[in-house]
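As structure tokens, the structure follows; a few thoughts come after it.
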Amino acid sequence: MSDIQQHSLLSEQRFKKSGRAYFIYYIASQAVFDRGIFILFLLAKGFSNEQIGLLQSVLFIAAFAFEIPTGLLGDKYGRKKSVIMGLLVYIGYCFGVISFAGMTAFILFYAAYGIAMSLVSGSDRALIYDLYKDLGRESEFLKLESLSRSIGSVVLGLAIILGGVLQTISWDAVYLAYAASLIISLAAILLIPETKFVNEHHDEDFSVMRDATKYFVAGEGRLQLPIIIFMALINFVYTPYFIFSQSAFMEEGLSVETVSWIFATAQFVCSAGYITSDKIPQKHHINVAFFICPLLISLLFLFASMGSVYVSVGAFFLISYVVTVIDPIYITHLNEKFDSHIRAFSNSFDGFIQTIFTSLGFYAYSVLVDKVGFDGVITYSFSIPLLSLVFSATYFRKSHQKELQKKTF
């Protein structure tokens, strides 16, 4: 066997091994057994609704505050280390909430959970994308991302159901099962090698910050801002709609058990959406994700506001499906544009913008629901995906102009 053939074989083995490890890492991390019942756990611990709201705020603020700093740390010291630290904090959270009681302890646990979210966010995706790029297989990233998210949604749906079953045994069983899934996730991420340039590229303490700031303020990153805002507007309207639908369905006469099954089913619908995103021919990715899908979401919002409870549930499933078609294509497109040496920061910056818009969406929904009702909010919501089309059109127009300039020179 020649050296070239041997190198090709080793690259193929590395590609397959890393892909399998990332897949296991991701789906294991989605086995969040307390997702559908964590409010009940906090109530069982003796916390009031006001205290639960405060804990959620602490989690959000911690994730928000540390999103960009952890992205910078990931770029400078290694994305793999950042993910490992995040998973370890998640595991510590699981053991902490079943071992301690009291508001002070839980504020610390929820702050830690928020920091763990920011440590993992962006770094895991940057780690595997750059490895694929180093192997010349970045075109396979969308397939891996879609498959991982698809099966991950199924795992989450099953975890929501199993969490309720485990709770009948004890709350400890719920969180020990969650910790076990995170340990599997940790073992898998350890098998993914990290590309060397992550640690070699930056030789000064503030070089990552300097390069990242330059990239988004005066460099190529400025061109990505309209498409980031496009997705932020989708999240602005979709995420609060998804969460507030719980109470809306109950107000329409559905039982708690029925609503639980609807949301578990939604995870399976999302799984189908992730699979679909990978099956769309590559030449149609852009048109489908950034132009057709927002139009469909807008029409579905109008449809949802005018029908019976059955129509509302059907529209809920379809909107969830369409959004999950967009997401992997958006993530892949964005990572194709980001510079490798600041990829973790760039993903964290994207997450930071998405978090800001999502939080504003929650606030807007909470205010408007009291004034015009849930159906009224959905009626208004149809305009937001249409607004997002302005930003996607601006992005692709500027990108086209940039390509023409490159060809001219």
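The first residue you see is number 1, and the count goes up from there.
Just so it is clear, glycine is given a Cβ too, placed from its N, Cα and C backbone atoms.
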According to TrEMBL, which listed range is transmembrane segment: 124-145, 344-365?
344-365
Counting only residues 6 or more past its boundaries, what in the same chain has a CB within less than 8 Å of a CB in the transmembrane segment (21-42)?
51-52, 55, 87, 97, 106, 120, 124, 128, 144, 147-149, 151-153, 155-156, 158-160, 162-164, 166-167, 171, 174-175, 177-178, 181-182, 184-185, 188-189, 191-192, 260, 263-264
At a Cβ cut-off of 8 Å, and with pairs 6 or more apart in sequence only, do we get at least 3 pairs between the transmembrane segment (83-101) and the transmembrane segment (344-365), yes or no?
no
